[in-house]
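Student: Dropping the structure in here first, questions after.
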Amino acid sequence: MLFLLVVAHAIAVLIFGCGFFPQKKVLDGHAALDGTHARDPVFDKLVVVVVDAMRSDFLFDASISKFHFIHEKLADGSAWGFTAHSNPPTVTLPRLKGITTGSTPNFLDAILNVAEDDTSSSLLAQDSWLWQFRNNAGKRIRFFGDDTWLKLFPPVEANEDSQTMFDEYEGTNSFFVSDFTQVDLNVTRHIDRQLRETSEWDVLILHYLGLDHIGHKDGPYSRFMGPKHEEMDSIIRKLYDELDMQSTLLVLMGDHGMNDLGNHGGSSAGETSAGMVFLSDKLAAYKPSKEQSSAKEFPMKIPSLNAGEEKTFHYLKKIQQIDVVPTISSLFNVAIPKNNVGVIIPEFLQLFKDVSLQKAIVKENWNQLSGLTKGKTQIMEETKNFVIEDVIKNMKDVQENLAKTATDYNYPLLFIGCFLSIVITGTIYYRYARHVAININTSILIAIAALMGISVFGSSFIEEEHQFWWWIITGLVLLSMVNLNFSSWKSHIIVLFCLRLIRGWNNSGQKYTYDNVIANLLKGNIDALWWLNLITVTVVGLNLKSLRFGNHTVSLLGFSDLLSMGLLSMITFLYKVNWSIVNGERVPDLFYKWVLETASLIVEDATLYREEDLIHTALIPLARIFFKLFFAVLVSRLMIQKFFQVSDISKSLAVVSRYVTIFLVFQTPSHNIGLFLFFEIINEITVHIIRERYQSDYLLAVIFGIILQFFTFFQSGGTNSIATVDLSNAYNGVSENYNIYVVGLMMCISNFAPTIYWSFYNWRITYANANSSRWQTLVAAKYPFIIIQSTIGCCLLLACIILRYHLFIWSVFSPKLCYYMVWTIFVGIIVHWIPEILLLLT
């Protein structure tokens, strides 16, 4: 019954989510020019180069930018630069949707491909400048780069209506964040042939991923970032030098930016500030923006920030990224897409020398926007008596209002989901109250649930949720020290010391970042990092204490566990070192030699490879060896346990948890592996304290474990922002032909590894001293997490309804709701219930 209530609550949250993230309504059909003002296109060819995650300062700031050719062109006026604001969610798919259709993306676009009225994942049937170029202007389009474009505009064999947008194409995979070299070379290798065949295409689109991958891997100030800037700059130079730039418009843009950790998806200034540059010889004859005209030099030297002052990433003129859509449409004389919310960039109007033509273009943009306002603005019939600047200002106001009202909530689903959540939570509380007496532990549980529930009504509390769990965990340890003599404090002091180290390991929360966190210090000292990792892996894999058994048969089983865990730990360490080498990180020479020797053993014809290539080649096979061995050993262990009828369930669960811990370390970033050493210390000490001082109080163990699940999730770098989702370990052992569901599961395991570790914490106490059946023990241990989660859920759903027009509804509350869904389904059901049920059945 309790499990059914948990599933029902998850369904209620999903129902609410369907109402909160509804499919966005779009206008059907395609726009057409009114034909009243005939004009020729300003340019004949268009080249669009998208550099994924190219933040504005990467292009314009003297302290970081290496785009030397772009700087030359900005200085002589043949390049016009802008800071392009990209609306959140700042991930590639919704941003490409905005860049091509001019529409504001729904937040759900960051999670579900593209959800439109026809429930299709493509934009083939929706109006876009690509559709206009292809169908109304007869342009031939070629594309090479991020295969997200091919999801939006699938080739003919992938769609039923036999439409296709690209005459020639090749996609590169966008999620192998470890690769920032080959992924770009796979795009660049097409350029020479395209330059030879300029008569056979009109539009060329290139989308480079390497810079984004460097950001994810090593942050915006990585040592690889400068060379990548220069590589991208050389590509622009090559295109510019070999194309006819009088008749060609070259647009260089980022689809979004990145934060100071190198991630994106949120709404920080760095994530929403993408660079954009238009290049053509023709532009030199006209005036750029006044901000560019007044700039003294390129790249721009920005004054140092004062203490506490945040970087704005505002360079030159700031525009909306979607403004590129009506601008390109007008310059190439095609209709502005029906669902466009962009406003033509005013500086480009001067390329139309006839003032009446400029007014006609502005009128087209105004009337197109008016079609989206549901009659709130009037269609413009005449162009004689208006001032262009005034109309553009009014269009900006319309744009702002349209962006705010882009989503219509499905209120019936919102209220049904919220009502069900409240009813189910009330039922859970009622059932819990019938079985549990009120004492200090239950009071602490209810207080934590109430505190965390109330906190979701504040946007800052959501952004800094880690602070709550820090004070809760330290408060609980300090409370345990009350009435203890000084000599008994030692173990508590050690726990507090370990907690403080964990607290300072990574940047946590969304408001503040610090340079000197432990993870960054370790990255700067490779010897300390890797020796700590070796010690951690050894401690995790060779924890002899959990392998002590009574009789001869089980002792033999324990010895086999010791060998298996030792082998898995060794492979884990070698793989993490190998992974770091492949990603351009330095490692101690000794460990480099170990990896090289290992690679020579597992790669066929190893003597034919250079050292570097040999290590690269060994990466995926080494990971697959680990996975095969892990699952073979785990299944064998459970079968042997069943065969020999090992009755001590607590010991069996402890051994299984050791195997899973090794797997979690394997899925953890190198700089976070050391956390598990302190997890182990806290685990051993607190289990001893609960057994000795609290007579193995299972409820206290469960509550303490839950707090640590949340606390360590945030202190390992997690937040309530999509920007901190780590993909770097989602592809361990995966080649290009991957299963998205497997990768998704691996991503969840990687990001929630500390949480999964502490979900097993109470097993050693709960099952070792159980006075009731296994199943009654299981249910009793699950109530506290369900109490906390359901309380938070009820409050969060209410907060999303009450604050649905809040300024931060999409940047703070929506990501929190998405994270809550993951906590409910992945952690609350998959992690908390399924493994334990399967183990109890054996």
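Glycine is no exception: its Cβ is also placed from the backbone N, Cα and C atoms.
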Student: Per Swiss-Prot, which of 43-63, 442-462 is transmembrane segment?
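Tutor: Among 43-63, 442-462, the range Swiss-Prot annotates as transmembrane segment is 442-462.
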Student: Can you tell me which of these residues Swiss-Prot lists as N-linked glycosylation site: Asn186, Asn485?
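Tutor: Record lookup, Swiss-Prot, feature N-linked glycosylation site, residue Asn186.
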Student: Tell me which range among 344-364, 554-574, 659-679 Swiss-Prot lists as transmembrane segment.
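Tutor: Spelled out, Swiss-Prot records transmembrane segment over residues 554-574, not the other listed ranges.
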Student: How about long-range neighbours of the transmembrane segment (783-803): same chain, 6 or more residues beyond its ends, C-beta under 8 Å?
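Tutor: Sequence-remote neighbours of the transmembrane segment (783-803) are 2, 5-6, 9, 13, 16, 20, 414-415, 417-418, 421-422, 424-425, 428-429, 432, 436, 445-446, 448-450, 452-454, 456-457, 699, 702-703, 706, 809, 813-814, 816-817, 820, 823-824, 828, 832.
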Student: Can you tell me the three-state DSSP label for Asn506 (N-linked glycosylation site)?
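Tutor: In three-state terms, Asn506 (N-linked glycosylation site) counts as coil.
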Student: Please report, as numbers and ranges, the same-chain residues at least 6 past the borders of the transmembrane segment (740-760) whose CB is under 8 Å from any CB of it.
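Tutor: Cβ under 8 Å, 6 or more out: 175, 653, 657, 660-661, 663-665, 667-669, 675-676, 679, 705-706, 708-710, 712-713, 715-716, 718, 725-732, 734, 822, 826-827, 831-832.
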Student: Using C-alpha atoms, which one of the glycosylation sites Asn441, Asn506, Asn578 comes nearest to Asn186 (N-linked glycosylation site)?
Tutor: Asn578
Student: Since the record lists Asn441, Asn506, Asn578 as glycosylation sites, which of them has the fewest other Cβ atoms within 10 Å of its Cβ?
Tutor: Asn441
Student: Write down the Cα-Cα distance for Asn441 (N-linked glycosylation site) and Asn506 (N-linked glycosylation site), rounded and given in Å.
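Tutor: Cα of Asn506 (N-linked glycosylation site) to Cα of Asn441 (N-linked glycosylation site) measures 31 Å after rounding.
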Student: Can you give me the Cα-Cα distance between Asn441 (N-linked glycosylation site) and Asn578 (N-linked glycosylation site) in Å, rounded to a whole number?
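Tutor: Their Cα atoms are separated by 46 Å.
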